[in-house]
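J.: Sharing the record's features from Swiss-Prot:
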- 10-42: domain 'LisH' (DOMAIN)
- 45-102: domain 'CTLH' (DOMAIN)
- Ser289: phosphoserine (MOD_RES)
- Ser292: phosphoserine (MOD_RES)
- Ser297: phosphoserine (MOD_RES)
- Ser312: phosphoserine (MOD_RES)
- Ser423: phosphoserine (MOD_RES)
- 371-422: region 'Disordered' (REGION)
- 501-594: region 'Disordered' (REGION)
- 605-644: repeat 'WD 1' (REPEAT)
- 660-699: repeat 'WD 2' (REPEAT)
- 707-749: repeat 'WD 3' (REPEAT)
- 754-792: repeat 'WD 4' (REPEAT)
- 799-838: repeat 'WD 5' (REPEAT)
- 841-880: repeat 'WD 6' (REPEAT)
- 887-919: repeat 'WD 7' (REPEAT)
Amino acid sequence: MTAEETVNVKEVEIIKLILDFLNSKKLHISMLALEKESGVINGLFSDDMLFLRQLILDGQWDEVLQFIQPLECMEKFDKKRFRYIILKQKFLEALCVNNAMSAEDEPQHLEFTMQEAVQCLHALEEYCPSKDDYSKLCLLLTLPRLTNHAEFKDWNPSTARVHCFEEVCVMVAEFIPADRKLSEAGFKASNNRLFQLVMKGLLYECCVEFCQSKATGEEITESEVLLGIDLLCGNGCDDLDLSLLSWLQNLPSSVFSCAFEQKMLNIHVDKLLKPTKAAYADLLTPLISKLSPYPSSPMRRPQSADAYMTRSLNPALDGLTCGLTSHDKRISDLGNKTSPMSHSFANFHYPGVQNLSRSLMLENTECHSIYEESPERSDTPVEAQQPVSSEAMCQGSGLEKEPANGAQNPVPAKQEKNELRDSTEQFQEYYRQRLRYQQHLEQKEQQRQMYQQMLLEGGVNQEDGPDQQQNLTEQFLNRSIQKLGELNIGMDSLGNEVPVLNQQCSGSKNNGSNNSSVTSFSTPPQDSSQRLIHDTANIHTSTPRNPGSTNHIPFHEDSPCGSQNSSEHSVIKPSPGDSSGNLSRSKGEEDDKSKKQFVCINTLEDTQAVRAVAFHPSGSLYAVGSNSKTLRVCAYPEKMDASAHDNPKQPVVRFKRNKHHKGSIYCVAWSPCGQLLATGSNDKYVKVLPFNAETCNATGPDLEFSMHDGTIRDLAFMEGPESGGAILISAGAGDCNIYTTDCQRGQGLHALSGHTGHILALYTWSGWMIASGSQDKTVRFWDLRVPSCVRVVGTTFHGTGSAVASVAVDPSGRLLATGQEDSSCMLYDIRGGRMVQSYHPHSSDVRSVRFSPGAHYLLTGSYDMKIKVTDLQGDLTKQLPLMVVGEHKDKVIQCRWHTQDLSFLSSSADRTVTLWTYSG
């Protein structure tokens, strides 16, 4: 033994000891916070297991069930047991939300949370091990609090989630193991090792003190040896050296052969008494203030200061040099429980900066309409329309902004007191936000009554002539505009870009036609087409365009709509240059189903569901992202042979990267120049891949952004107005914010807050405008020049509204289309500020909507496994021709038009992505 020895101690191992201790004492809130801050996890897990663990700890139960789908086909995997564990945890958390609200005397909101709990219980029935287990779960519904049950006396969400993972980890460890060459011995602290080391350290200090007393002649009795133990301050023997060991080594061997009495050490531990406030705050904070599924509870951060700070720290407003990509995150969102897979499939969009190519997907005036010989065409029933402004329009999110310098940090002396008041402050903030929401509801009710009164006053008598109808309609609209102006509702910040609606009415009246509709949205007047082309020549939208094209966007001509348009199959007149003739068909043509308008050309099959597809702006490539974490870039065929549809070929894969993300790829998007490919995933990361379209290879390291604290549902690009670089727009679950990122500088720009539910869809146009669709049943328009929300469009025109799963804006920037979870599509006049029509093209969730580059057709994909095209070349206030153009064997997730040809891509849960083309 040398005079100096070295002992290696890793701080990571010390943290693992602490994590093991916190886990053994069920202090899981502190354990998870330490994991997040240190980045250390006590255990040896594979990447897949770590990802599954994070999903469970975040409470993303639908994501967990989807992640584990590949294992469910294996016989050894206990699918029933796994689903029982996950759904039971989901049910208990729903009960926790309900109980917390009932404890706060909010009976008017119980129906929302109780409905969620009952749905979870219903799903659990088929997976319960026995009827007794199911009966016990049913009994929990009758208790005023979940913690009143003896089995759940100390239940809290954080501890329950940790135990949930430990239980399922044993089940899936065999299928997704860690490195088999490694042992957990060097990676995991266990058996309460920290406590053992503390006790051994105390005994060591006692031994040192006793030996020193013997050497110096100081008398210490045997009973006094352990009396001087001080765990916090020690006994003065603080020097870390090997003197004791060196002394023992110099003792003769005969000393160790002496007989001695073996003594037992009894350890009495005074257990920690947790404060009751801490436990109750834990029940309330993660599940009520952020994750509650009902609208009266804020679904974002429970403390408004965080949201205020986010808004006040905009670089454009405060001159900061960087964005908010690294601001603190809270645990992920559990709210907005919806139908299966409803928030799993995001849509992606791709902005373009060039004009359309010469073919314009065969939409020019020299091509035949795709509806001329369609065997599956149908007319969509039009719901009762209300030609009024949107149900909800407001500036920003409705919360008052507070400057960043307005919040003063508490002095250290008051820090402990402030921490004790956290729970009370959260309650106060919750009630403040609830009051704001109630005031908002009262305002909406007043607007609804006003609209109803205006309809009664301005209703059109069917016996009146068309001229009188026109006058009544104009009077009604003028009163609507006046009332809405008084309520300060609208997109005032857009200025001259929003024409007055009554001027549109006057223009329609002066056309000389007997049109009973207020405005023809199908086409602008002929004499204004050049002006519109000039206005939109430089518009950049999320629709990809051909870089080499110089042609202008063609616009439609006005189509007069007389009373004959009310027939079952309306006659829609084509534009003057269209050679397609009359688009209506005879009964014989309707019965002929032998000819398909669109046929399958290429089909790519994956091992799991394919979520995301995106055409390169040039149209020569398209990107595919799937649940298997694989990113592919495929070649678009140079020659389209529609006659070979009976035997579709596999596309040529030019680029492939396995495990591009740790989780499923939810969305993909190309930059306007086509040199960047962005992907979003449920691993909460956005990756931007520099890509060379000519060589089909990555040209540099990936850019990785981690500003989101939930699944990224959608991505879109727009060209930066100042730097010329690509600006990435991303949104999803978690904090429900929209983030803008300068990809050239790798810096965050803005964090746009306002939505109160998962953001499912994004779309960009005009170089600064963004449309977002959300689980909160609204569409919001954002102007990056401000930057803030400039308009809110609700979906509650009919019934209770529905979550918005997809949004799109036509190339002219005049018309918004939405796809919603109640199987409906909404067409909304952006400039006029009113809904044009809401119709139901599908029988299930509409997950994808896209305008063709010429805005002649609207492509929709749905969970009903069908892909349909709506003809927009007529009066959009009337019934619209509809045609089935494709079908999958499972849910359709995304559909995207080609940039030039009359072709489109569709992705599906049947694990395929299909390229369809017009058969002519």
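Keep in mind that glycine also has a Cβ here, set from the backbone N, Cα and C atoms.
These numbers come from a predicted model, not from an experiment.
Tell me about the setting of these features in this model.
T.: Away from its own ends, the domain 'LisH' (10-42) comes close to residues 50, 53, 57, 154, 156, 158-159, 161-162, 188-190, 192-195, 197, 272, 282, 331 of its chain (Cβ-Cβ under 8 Å, at least six residues beyond either end).
With helix defined as DSSP H, G or I and strand as E or B, the domain 'CTLH' (45-102) counts 48 helix, 0 strand, 10 coil.
Helix, strand and coil counts from DSSP across the repeat 'WD 1' (605-644) read 3 helix, 18 strand, 19 coil.
Counting residue by residue with DSSP, the repeat 'WD 2' (660-699) contains 0 helix, 21 strand, 19 coil.
Helix, strand and coil counts from DSSP across the repeat 'WD 3' (707-749) read 0 helix, 23 strand, 20 coil.
Confidence in the repeat 'WD 6' (841-880), given as mean pLDDT, stands at 93.
Taken residue by residue, the repeat 'WD 7' (887-919) breaks down under DSSP into 0 helix, 20 strand, 13 coil.
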J.: As a quick check of your reading of DSSP, tell me how many residues in the domain 'LisH' (10-42) are helical, how many are strand and how many are coil.
T.: 25 helix, 0 strand, 8 coil
J.: How do the residues of the repeat 'WD 4' (754-792) split into helix, strand and coil according to DSSP?
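T.: Computed counts for the repeat 'WD 4' (754-792) are 0 helix, 24 strand, 15 coil.
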J.: Going by DSSP assignments with H, G and I as helix and E and B as strand, what are the residue counts for the repeat 'WD 5' (799-838)?
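T.: Helix/strand/coil tally for the repeat 'WD 5' (799-838): 0 helix, 22 strand, 18 coil.
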